[in-house]
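Notes follow the structure.
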């Protein structure tokens, strides 16, 4: 009996050790599989977010902090559904949409998506131009050209060295963004009590209600919704139903949670910096004015880090936006063109705006209007497709997820209508 118990104990110990080693190996592999969501998350820390969050913090202090948190949670759900669609169906969102349409409708859908891609480029290129102007005192036009060129080089990294290296470069830029926008906390720390109060949903007059609607409505970016499905598919392929797919979906959920948490921290930091240092400053109507205010209140070093964060945001988001544009064209039209030509198509409007001396702040505002028009065309089909059992099989959305998805899709679409109205009337 003693010998048998000993053998049994040794057997259990061996199996336990093997299980532990297997779990550890799986965890290591899971960390290796992370990345697509970090690329998509760049859309949530672009120059448009900088302007919106800084403006909110400067006007209302900590009041809108809960809005930023809610917006990132809603965006996280949408991004997961997009990645899930790619893994389960083996199609990007543009490809899946195109198969539901006749040719004329598909062409029209592509035209609006292409306008969204161009509007995205305007925001990123203008933001990069402003950052280069702040850091190196070059003209806005030259700054825009440099931003476009660097973004093209980043895309060449993807084409020649693969998606994994591209993801690592973009993730590196994301952490530069984190440092750039959180460094001010080493000089001025936010009040924990005020932060807790800022997490309590409430408003302060009609203007705060409208601004909250604008923040949520401007958070979900259509190009990121299209892109994430393609990123997940390119990175993980189309796994067969079963253990492999379930594991990749778990990894994808972790990927989205981590990436959107980082994006949420950055957006929160933008608002808190403004709430602590820029309240009552009449400088937040344009990004360069925000830099000046930070320099006056926190010093040249923190202001420089802010500008570097803005530059990293612009470079990363410009390359990710161009990647999304190529994915959209390939998915909807079933054709692709060389990346250089593709990049020039979407880059030209942004460079033309800078060359003509158009006010960069107004260009950012107008680009957000165009982006707002594109939101329903990306989010509503996504929820419908991921709830299609014929397409998704056993991985179709849970009924609760479907209800929440439709609620988010309709809410974000309506809030973008509000955003358009507010922008036009102001």
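Cβ atoms are placed via backbone N, Cα and C, with glycine included.
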Swiss-Prot annotation (transmembrane segment) - matching range among 234-254, 402-422: 402-422
The transmembrane segment (58-78) versus listed stretches 31-51, 208-228, 363-383: most Cβ pairs under 8 Å: 208-228
Contact between the transmembrane segment (402-422) and the transmembrane segment (256-276) (at least 3 Cβ pairs under 8 Å, separation 6+): no
Paired segments the transmembrane segment (337-357) and the transmembrane segment (256-276) in contact, 3+ CB pairs under 8 A: no
For the transmembrane segment (298-318), distant same-chain residues with Cβ under 8 A (at least six beyond the ends): 42-43, 45-47, 50, 120-121, 123-125, 127-128, 130-132, 134-135, 147-148, 150-151, 154, 170, 173-174, 176-181, 183-184, 187-188, 273, 277, 287, 290-292
